[in-house]
Amino acid sequence: MDYFCASAVILYSIYLCCVRTVGLQHPSVASAFGALLLLLLTVHISYLSLIHFDYGYNMMANVAIGLVNLAWWLAWCLRNHRRLPHTRRCVAVVLLLQGLSLLELLDFPPLFWVLDAHAIWHISTIPVHILFFRFLEDDSLYLLKESEAKFKLD
């Protein structure tokens, strides 16, 4: 279950990036892309659950979609950082998550016979997700103000 949720979270982040980059102007494109991502997740989970659970394949797939997520969000942030200062939070989130993902890839014996790399990964992502939700909140407020300005009646 942990592996499937990780894939779902990464793909959902990619979907959020798609909505933010193209979905506001072309919602049908974002919807179609979201359907494609959902299909990919379904195929991935079905393969691992019904055919063969391959840990190496699962890790490789998650690293690949994680890199897509990293590249897309960073490109969007770079393109918008002057206009949207809150993008610095997004940059911090994607870079921190990529760095912390090394805990998943470079497994080590438990510290004090209690905390292994996987446990430390989960603990360390808590503040990162809070930072990501703050970015989403700031971005949503920006979009709300932008839409209010467009439709403001004098």
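Every residue gets a Cβ built from N, Cα and C, even glycine.
Unlike curated entries, TrEMBL annotations are predicted automatically.
As written in TrEMBL, here are the features:
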TRANSMEM  6-23  transmembrane segment
TRANSMEM  30-53  transmembrane segment
TRANSMEM  59-78  transmembrane segment
TRANSMEM  90-113  transmembrane segment
TRANSMEM  119-136  transmembrane segment
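By the Cβ criterion (under 8 Å, sequence separation of 6 or more), the transmembrane segment (59-78) is not in contact with the transmembrane segment (119-136), since fewer than 3 such pairs are found. Through the fold, the transmembrane segment (6-23) approaches residues 29-31, 33-34, 37-38, 40-41, 44-45, 58, 61-62, 65-66, 68-69, 72-73, 76, 136, 139 of its own chain, all at least 6 residues removed from its boundaries and within a Cβ separation under 8 Å.
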